[in-house]
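> Sharing a structure here in structure tokens format.
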Amino acid sequence: MFVGVARHSGSQDEVSRGVEPLEAARAQPAKDRRAKGTPKSSKPGKKHRYLRLLPEALIRFGGFRKRKKAKSSVSKKPGEVDDSLEQPCGLGCLVSTCCECCNNIRCFMIFYCILLICQGVVFGLIDVSIGDFQKEYQLKTIEKLALEKSYDISSGLVAIFIAFYGDRKKVIWFVASSFLIGLGSLLCAFPSINEENKQSKVGIEDICEEIKVVSGCQSSGISFQSKYLSFFILGQTVQGIAGMPLYILGITFIDENVATHSAGIYLGIAECTSMIGYALGYVLGAPLVKVPENTTSATNTTVNNGSPEWLWTWWINFLFAAVVAWCTLIPLSCFPNNMPGSTRIKARKRKQLHFFDSRLKDLKLGTNIKDLCAALWILMKNPVLICLALSKATEYLVIIGASEFLPIYLENQFILTPTVATTLAGLVLIPGGALGQLLGGVIVSTLEMSCKALMRFIMVTSVISLILLVFIIFVRCNPVQFAGINEDYDGTGKLGNLTAPCNEKCRCSSSIYSSICGRDDIEYFSPCFAGCTYSKAQNQKKMYYNCSCIKEGLITADAEGDFIDARPGKCDAKCYKLPLFIAFIFSTLIFSGFSGVPIVLAMTRVVPDKLRSLALGVSYVILRIFGTIPGPSIFKMSGETSCILRDVNKCGHTGRCWIYNKTKMAFLLVGICFLCKLCTIIFTTIAFFIYKRRLNENTDFPDVTVKNPKVKKKEETDL
């Protein structure tokens, strides 16, 4: 709730109280004229004593407050706006005229967007690396849930309180967010900087040998795991608290300082920069995705610093995000809670929006828990707000599903390496979503859409993205022949079993997945399962020879005359549908992003202006409960059902899925996203008809007016 401008009723008491100040104001010019005729008593070269004692900034600040006080003492006419609450730009009492040129929403957006990018980078780094961290240290189920859900749970717990109590002092909360984002980044980076633990790793020979020595299960990185996990969860929790002022109070602050139909552009820019930051973190973290490598001998290796090499580069990225976030501390603290012109904008918006009960127009709430509960009860009785919040939650499920499952889908469907698949997913997902958010905000602002038009826009764009989503299911590749999975070792083995008579004496392990492609165009899980007994490097790549399971295919000799049986990597799927898939998924993400800003704008227009921040807080709690908390788990569980072969290492830990059923994976991914988009359309349709019915019942209160004559004519015909 923000402290709005006091409304003047124009009563006789107020007029009588304003007589004396008015008479004094009229008498002032005559007094000034008499003063001009009298000679000055002070010497020409003598300076005022205050100029010698006080800084210039303090005098200007004091004069500013006196002028505002004198101006507010004169009663206003009913049609006039009291702008005495507007404040100058400065750091506390230090006010400078050169700072006033930055006292506008455009300059605020620069530092606000920088802060959004910093938190987006942290999110991207965490999401792209969390899978490798879980695999590296064999986390338990409860540890995985704590690691994945700490951000969502912490943000959901504080969202309503920050929205209610932070609405009066938004700038202070922005500064707190800047500090907490940097602190959370350092908490994620701190353990990997000072870690000195040594962790034993299992070295496994990847070629066929009858005698192998495999050790290392007794030693584990428990010290590093518990220490890093606690700091990582704490960092995620701090990030969750830091994000709520940005995504709740930041939206209302922008909405209060721009015209009604300009808010879409600013919110679109904010959403776009947030996703750009996430993409930046995704791209920075993608090259650090750990890829299993082949070893050439059975050894027990030791890794210093208690962690994989990629963690060292990882903490540098977190440190960079923390430094940039803290650089916005002082600039953000200089902005006032009420910018110049904000009072007139608020007064203009009060005249436009009256969908809600007229008794709530001049709602006044305190700061105790009873007032918070009363405000929450008012919002919970608003079915339009609840439906729009549910629509936002289901819409986010599509983005969550794409970010969680798309890298795995690309890797397995189009035979890509984990690094390439993750990088490509980031380059498709984030620009598509960011462009959709930006274009959605620009379109609704350019067309100056009313609240009803916003809901229609959400429904239309969701239907288009739904149609594009259906086409994705037809863009998939045929599975490659894989020994032991869909090929039975030329009739000597069984489907579903990697071991066959040709490799049963090799003592192969499925804990390390290092696929090779034989000259028979069949893919093998590892050189050991192909029965290869010899390997040597050719052009910085390892080639394999004397493979007992590979009996057919074109024979190729190397420079030394030895016949090559297999080469590292996956076999060519002879599938060239990747560009078509990228085009469809990119278009789907753009049209899905179109609805992001309109949903937020619609929610702010169906509640009283003093409850806008709290309404966004309620929507974020609903988003967490029905969207971001269960969403990743739903997609992961669906992906697990399409798993064919899973990693179970010698130490008994169950790891990632190595091989998926491509057809089942495609149907599951598209099916869940289709259901989410359908729910978005249903909830928005319900909100639209409830809004339309309420609007027809309250004919005294028109919808948001528009300036464009064409749009105005169209809205009148719709009513």
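Every residue gets a Cβ built from N, Cα and C, even glycine.
Sharing the record's features from Swiss-Prot:
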type	residues	note
TOPO_DOM	1-106	topological domain 'Cytoplasmic'
REGION	1-46	region 'Disordered'
COMPBIAS	33-46	compositional bias 'Basic residues'
TRANSMEM	107-126	transmembrane segment
TRANSMEM	146-166	transmembrane segment
TOPO_DOM	167-171	topological domain 'Cytoplasmic'
TRANSMEM	172-196	transmembrane segment
TOPO_DOM	197-223	topological domain 'Extracellular'
TRANSMEM	224-254	transmembrane segment
TOPO_DOM	255-274	topological domain 'Cytoplasmic'
TRANSMEM	275-295	transmembrane segment
TOPO_DOM	296-311	topological domain 'Extracellular'
CARBOHYD	N300	N-linked glycosylation site
TRANSMEM	312-336	transmembrane segment
TOPO_DOM	337-378	topological domain 'Cytoplasmic'
TRANSMEM	379-400	transmembrane segment
TOPO_DOM	401-420	topological domain 'Extracellular'
TRANSMEM	421-444	transmembrane segment
TOPO_DOM	445-448	topological domain 'Cytoplasmic'
TRANSMEM	449-472	transmembrane segment
TOPO_DOM	473-581	topological domain 'Extracellular'
DOMAIN	496-551	domain 'Kazal-like'
CARBOHYD	N497	N-linked glycosylation site
DISULFID	C502-C532	disulfide bond
DISULFID	C508-C528	disulfide bond
DISULFID	C517-C549	disulfide bond
CARBOHYD	N546	N-linked glycosylation site
TRANSMEM	582-604	transmembrane segment
TOPO_DOM	605-613	topological domain 'Cytoplasmic'
TRANSMEM	614-639	transmembrane segment
TOPO_DOM	640-673	topological domain 'Extracellular'
CARBOHYD	N661	N-linked glycosylation site
TRANSMEM	674-691	transmembrane segment
TOPO_DOM	692-719	topological domain 'Cytoplasmic'
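Could you place these features in context, so I can see how deep they sit and what lies close by?
For the topological domain 'Cytoplasmic' (1-106), the model gives a mean pLDDT of 48.
Within its own chain, the transmembrane segment (107-126) has Cβ neighbours under 8 Å at 174, 177-178, 181-182, 184-185, 188, 236, 239, 242-243, 246, 250, 253-254, 257, 266, 269-270, 273-285, 314, 317-318, 320-322, 324-325, 327-328, 331-332, 335, 339, 426, counting only residues six or more beyond its boundaries.
Taken residue by residue, the topological domain 'Cytoplasmic' (167-171) breaks down under DSSP into 2 helix, 0 strand, 3 coil.
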> Using a 10 Å radius around each Cβ and all protein chains in view, which of these disulfide-bonded residues has the most neighbours: C502, C508, C528?
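Answer by Cβ density within 10 Å: C528.
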> Cα-Cα, whole number of Å: C508 (disulfide bond) versus C532 (disulfide bond)?
11
> I'm trying to understand the geometry here, so how far is the Cα atom of N497 (N-linked glycosylation site) from the Cα atom of C532 (disulfide bond), in Å to the nearest whole number?
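Distance between the two Cα atoms comes out at 18 Å.
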> Within 10 angstroms of the C-beta of N546 (N-linked glycosylation site), what count of other C-beta atoms is obtained when all protein chains are considered?
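For N546 (N-linked glycosylation site), the 10 Å Cβ neighbour count is 15.
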> Is it the case that the transmembrane segment (582-604) and the transmembrane segment (312-336) touch, counting contact as three or more CB pairs under 8 Å in which the residues of each pair are 6 or more positions apart?
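Stretch pair does not touch.
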> Measuring Cα to Cα, tell me the gap between N546 (N-linked glycosylation site) and C532 (disulfide bond) in whole angstrom.
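One finds 5 Å between the Cα atoms of these residues.
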